[in-house]
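According to TrEMBL, the features are:
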DOMAIN    8-129  domain 'Ig-like'
DOMAIN    149-268  domain 'Ig-like'
DOMAIN    276-375  domain 'Ig-like'
DOMAIN    406-536  domain 'Ig-like'
DOMAIN    688-813  domain 'Ig-like'
SIGNAL    1-21  signal peptide
TRANSMEM  831-852  transmembrane segment
Amino acid sequence: MGRPAPRPLLLALLSLAVCRGRVVRVPAGTLVRVVGTELVIPCNVSDYDGPSEQNFDWSFSSSGSSFVELASTWEVGFPAQLYRERLQRGDILLRRTANDAVELHIKNVQPSDQGHYKCSTPSTDATVQGNYEDTVQVKVLADALVVGPSSRPPPGLSLREGEPFELRCIASTTSPLHTHLALRWELHRGPVHRSILALSHEGRFHPGPGYEQRYHSGDVRLDTVGSDAYRLSVARALSADQGSYRCVVSEWITEQGSWQEIQEKAVEVATVVIQPTALQLAVPRTVSVTEGKDLDLSCNITTDRVDDVRPEVTWYFKKTPDTSLLASHMLARLDRDSLVHSSPHVALSHVDTRSYHLLVRDVSKENSGYYLCLVALWAPGHNRSWHKVAEAMSAPSGVSVTWLEPEYQVYLNASKVPGFSDDPTELQCRVIDTKRLEASVRLTVSWYYRMTRRNDDVVASELLAVMDGDWTLRYGERSKQRAQDGEFIFSKEHTDTFNFRIQRTTEEDRGNYYCVVSAWTRQRNNSWVKSKDVFSKPVNIFWASEDSVLVVKARQPKPFFAAGNTFEMTCKVSSKNIKSPRYSVLITAEKPVGDLSSPNETKYIISLDQDSVVKLENWTDASRVDGVVLEKVQEDEFRYRMYQTQVSDAGLYRCMVTAWSPIGGSLWREAATSLSNPIEIDFQTSGPTFNASVHSDTPSVTRGDLIKLFCIVTVEGAVLDPDDMAFDVSWFAVHSFGLDKAPILLSSLDRKGVVTTGQRDWKSTVSLERVSVLEFLLQVHSSEDQDFGNYYCSVTPWVRSPTGSWQREAEIHSRPIFITVKMDVLNAFKYPLLIGVGLSTVIGLLSCLIGYCSSHWCCKKEVGLGALSFLHVKF
């Protein structure tokens, strides 16, 4: 049937395509196919850059001269009537693979399909450029390939892991052409197909993925038996070898140096079932063992394998009873070469090939838990290889480690009980009635304090110190600082005796004390774990805190005496609630009531400390340095003596006593202080009365003038010979308008005529002299402004007694007199005026000189110029 003319619209569309030098190509050479197979001929156009799909027409010729329309991609009525039915059934179809490529598919090739096939592309180009068609020859051969299993129906093989098996496949061909066969063994397990081993048409072996190692080791082999049998050999079956085995055979031919696969056939050879190896493990369900003993666990194996299999046994330990190996610890392993891998305290052995024992030496509480036995059976493979044929995990074996804890009692007693504050306290914590104290048990102690309450309030215990299993001593917050200072001492006297000592017990330390003795057990890693605590009964440390009492009584053995005699006073001391007291004594003196010469003044005379060291305090009488004595008569009695008493010594005398308690070593603590009753020295005499007054004829002076001040002593009462009187006179000044500043000593004159002058910071000088028996003159020379103020004198009379000794009377003071120092105005302004007049005269003369020079030089020049101007105008 002829080709219909193209429609104008189609021609217009084809004219839009740009084809420049196009080339249509089909496979070169001859294609060979077998009857019943599928023929696929690709066709494509090169150098095509059009915007749309390229159209293709296929034609067939049995002889190669006259072609019949077969199929077209763009014209429905193109095929000849001969092929329309096959096109409708789908036996012949075109499949486009790209815009410029298409494939011709002929299913179930028949002998009539042998011939020439032409692929062409229609063109509307005005000028033909390139090749618009191409032809390929197809040969159709009869099916001469025979493929089948060695026996029918396909056998079902039931094997155990490690056993060998063989499968055979028959393949042959009677093709008249020189063809080659290729064969491939496949394993099908459901939808998964795996290639085991293939023999290519070129005679090369290709193992499939995952079978490379087994092929190279010789475990999987492919060889020929006779002329048409192909044998698959597996030396040792694995569980992965279970499935359906197929033999796939393809036939190949070479045309013009290239190979073509002309057909492929597959046949199911056999179904292989791998029976799992039976493996059961038996371990004891529960085991109880005493701590320190050995733990022996057995793992018994039951299996149906009797061939050469080797077990690998591994023991695991964990704290939970599940069979998961998570959070487990491997204890020991016996590999298939019978090599044991374990720690020093764990051993693994086997009595026979079916019983394996785990031995854990010297168990402790840490070994309580669950033990698992994991067994794997290994079968030998080809070329000394091994593969696992079975694996099983035992049920957990619960192990309970019982502890025969030591038995003992703890007894606490106070070996030293304080009676007062600062006394030492010593507590002894002893371990008694001990049983089952082995060498691996160590005893330590903890000390606690609990305050004593009168009510029922609960008071928490405070940790004083705790000793760990490695003998490390740790202090609590209450005792840390005092232990570092050495006040708290914790010691271990024996293995069963612990001591606690408080060097100085305070009132805050009163309360209940108890100790806790802990038993520690040594572990295999040489660490220590506490296994038991035993508490002692508390011991109460308490003493009555009564107030310290100190009483001092003074007495005078000779109550009546005269001036010049020796004064004696004794002080008797008694104390209560003071531990081992020692006393220090201080003698004080006060003026009697009514004496206004030194009111409210207490004078310290001499002291004796608790170590019997004597010290003069404020005794300033240089003439009587050895005139006072303080001595210790007994432990609680002291005596004070004052020799050659003076009238000025009159007053009230007391003993101030301080009690001291020892606090350790050479340290003392002040416990109490008490003052004795007063003993009065009162001289009953009818002697004279002395008064002092100050007089000055110059109470107001000008700066630089001489200031004269007289200190006049008057005597009233008894008349004394001037030779029986002497005076110590001192002059003082207070340089202020009031008496609010401290007085300054200007000068003093003692009764022997020795003058002492005080230190001052200005230039005026002072002198002091005795002008008569009862008058003393103070002179201030070249007075200055700083010499103003209040002046007064202090007089200490001395009177010779009938016995010839000099008695010092009470010191008397005069009333102050105010001295004013005025400034000399004329002298003050004389020098400033002279300086001013001189400077004014010099400045005036200098001004006149400057004026004269200016008029002489400047004014003369100006006058000459004026005269010339005048002459010029006149003429």
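Glycine is no exception: its Cβ is also placed from the backbone N, Cα and C atoms.
A TrEMBL annotation is a machine prediction, not a hand-curated record.
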Query raised in the report: Per DSSP, what is the residue count of the domain 'Ig-like' (149-268) in each of helix, strand and coil?
Result: 8 helix, 73 strand, 39 coil
Query raised in the report: Per DSSP, what is the residue tally for the domain 'Ig-like' (406-536) in helix, strand and coil?
Result: 8 helix, 73 strand, 50 coil
Query raised in the report: Per DSSP, what is the residue tally for the domain 'Ig-like' (276-375) in helix, strand and coil?
Result: 3 helix, 56 strand, 41 coil
Requested in this report: Can you check how the pLDDT averages out over the domain 'Ig-like' (149-268)?
Outcome: 87
Report summary line: Helix, strand and coil residue totals from DSSP for the domain 'Ig-like' (688-813) stand at 6 helix, 69 strand, 51 coil
